[in-house]
Amino acid sequence: MNVVVDTHTHTLASGHAYSTIIENAQSAQNKGLKLLCTTDHAPEMPGAPHYWYFNNQRILPRFLHQVGILRGVEANILNVKGEIDLPFSSDQHLDWVIASFHEPVFAPASEAEHTAALLNVIKSGRIDVLGHSGNPNYPFDIERVLQCAKEYNVAIEVNNTSLTGKSRKGSDVRCDKIVEIGKEIGVYFTTGSDAHFCEEIARLDLAIALLEKYEIAEDKIITTSTSRFLNFLLLRGKLAIPEFERLY
């Protein structure tokens, strides 16, 4: 499987990552990526930037080191209502919005509460993908949430860092189940390194192996071509990005 997009990456701006966007783009080019989503942590995460940072991504060039740059965020799910920590005015400036649970922002609660939060954030229409949903601290009704994700064309991330055992320990078992059920339901999958250092960009080996284990069709993995990824954004109701015309 050839993956040409990394949809989950962090820069210095996240507060606990160690590279600039230029360093990340250089690494992406060196590793053969065509598109890179830059997705720093949203404001409620300790150390994260103000929402102006995300709005101001409009000043970023569309290409750095010949790699297309998608302006994104890893937003925090705040509550069971499915609210996220950016104002609605930020939405127009963002190409790619991940929604994730993080312990400092949403304390682990019951399976019912996690499920409600995920269903509501999907239905909000503000997010494009659920991030590292295999975290065992946040059990949820996998079938209900993935059915909802399919209905609303929200992708499910296979997070490589979650599969290493170094972060969110125990995620591998739940990630396996999520991919298995996701195949049956027919959700869209995406692959994210969750890189917090430039050398981790495009480190997707474990995510790819899991998708291959369940023989997920490439047309359901939106990172296997620039066309699949960008057309998924159109499916989500996003406007076409003129600078990427040749990549559709």
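Think of each number as a place in line: the chain as shown, counted from 1.
Cβ from N, Cα, C; glycine included.
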Quiz prompt | Co-listed Zn(2+) 2-binding residue [Swiss-Prot; alongside HIS41, HIS196] among HIS8, HIS16, HIS93 | solution = HIS16
Quiz prompt | Per Swiss-Prot, member of GLU74, GLU83, GLU151 binding Zn(2+) 3 alongside HIS102, HIS132 | solution = GLU74
Quiz item: Taking ASP194, ASP205, ASP219 as the options, which does Swiss-Prot list with HIS8, HIS10, GLU74 at the Zn(2+) 1 site?
Solution: ASP194
Quiz item: Going by C-alpha positions, which of the binding-site residues (HIS16, HIS41, HIS102, HIS132) is nearest ASP194 (Zn(2+) 1 binding site)?
Solution: HIS132
Quiz item: Near HIS41 (Zn(2+) 2 binding site), which residues of its chain come within a Cβ-Cβ distance under 8 Å, counting only those 6 or more away in sequence?
Solution: HIS10, SER14, GLY15, GLY47, ALA48, VAL73, GLU74, ASN76, HIS102
Quiz prompt | Other residues, Cβ within 8 Å of GLU74, HIS102, HIS132 Cβ centroid (Zn(2+) 3 site) | solution = HIS41, ASN76, ILE98, SER100, PHE101, GLY131, ASP194
Self-check item: Rounded Cα-Cα span from HIS196 (Zn(2+) 2 binding site) to HIS8 (Zn(2+) 1 binding site), Å
Solution: 10
Exercise. Could you check what DSSP calls GLU74 (Zn(2+) 1 binding site) once collapsed to helix, strand or coil?
Key: strand
Quiz item: Given the Zn(2+) 2 site residues HIS16, HIS41, HIS196, which other residues of that chain have a Cβ within 8 Å of the mean position of their Cβ atoms, reported in sequence order?
Solution: HIS10, SER14, GLY15, ALA17, ASP40, MET45, GLY47
